[in-house]
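Student: So Swiss-Prot says this about it:
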- 204: active site, proton acceptor (ACT_SITE)
- 35, 36, 37, 38, 39, 40, 41, 61, 121, 144, 145, 146, 255: NAD(+) binding site (BINDING)
- 108, 114, 146, 180: substrate binding site (BINDING)
């Protein structure tokens, strides 16, 4: 669904809509879902429709949005559902949104890495961000589109160009890494998964995914062998799903759950309920890298406080150190894409 940014912005302008910075009432939050008809978008839309905190769910995609919206609108929850299809309707979809969730893009297939998606998905995120900058510059933007390590810098650079960038309002959704870690740890140790907390820091691809097993709650001891097996399994969990689906897609259902959980956390923050989530954001938590995922405190303005990585083991510190060059490469690729286009 990649269209030139100028095309999207011009289409919005031609529709007679004008840029405003007024956000929806925090008492009646509007959530815009961009890529709503896709493999992640549809189950994510289903979960957002059931979220009692969402007052207006605006669905956007380049095709098939009316059908998804009609289907979801028959669910007996209070969220109003609107459908927006194609670039001429993107502006209305995101206008005055409190939260914008972006799963739009092509999925991984067997043999592909998240970075292989760059050429297609980079353009999609750039073009969406260009319209968001005009229609809803105060929105909290949650980016699911891979490669997240690069697409977050892409969106940020577009917003910088437009003069509306606020680093507290742009997020890479790494919640799935947390969800997977908590599932795998609870399975291994026989914990109640709903009460297991595993912080995951770094980024959202390969060696940049760093589960902090030393910080698991409730406090849990792991053998070196368990750590050496569990860490790469968490890092490669996405590939595990891609291979299991044998060409039929990537992690859509678990990603939808993770996306809905993070969107709900953002909405709760907007409404004044501060909470802590891991997210990939502009951060100085780790020296030598501009974006890094750590636990952050969410509130009315997005990131209220970056909580950092905390006390880590020697093994985890080695993983963090090794992730920095890889993250910098991913970030530079995203920045260069915007500057070169």
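Keep in mind that glycine also has a Cβ here, set from the backbone N, Cα and C atoms.
Could you tell me the structural context for the features on the list?
Tutor: Cβ-based neighbour count (10 Å, all protein chains) for residue 204 (active site, proton acceptor) stands at 28.
Taking a C-beta cut-off of under 8 angstroms and a sequence separation of 6 or more, residue 255 (NAD(+) binding site) has the following same-chain neighbours: 40, 44, 103, 144, 176.
In the three-state DSSP reading, residue 146 (substrate binding site) counts as coil. The local packing around residue 146 (substrate binding site), expressed as other Cβ atoms within 10 Å of its Cβ over all shown chains, amounts to 28.
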Student: Quick check: in three-state DSSP terms, what is residue 35 (NAD(+) binding site)?
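Tutor: The three-state answer is coil.
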Student: Please report the DSSP secondary structure of residue 41 (NAD(+) binding site), reduced to three states.
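Tutor: Its secondary structure by DSSP: helix.
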Student: Measure from the Cα of residue 121 (NAD(+) binding site) to the Cα of every one of the binding-site residues 108, 146, 180, then give the nearest.
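Tutor: Closest by Cα distance to residue 121 (NAD(+) binding site) among the binding-site residues 108, 146, 180: 146.
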Student: Once 108, 114, 146, 180 are set aside, which residues in the chain still have Cβ within 8 Å of the Cβ centroid of the substrate site?
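Tutor: So the additional residues around the site are 147, 204, 205, 238, 239, 242, 250, 251.
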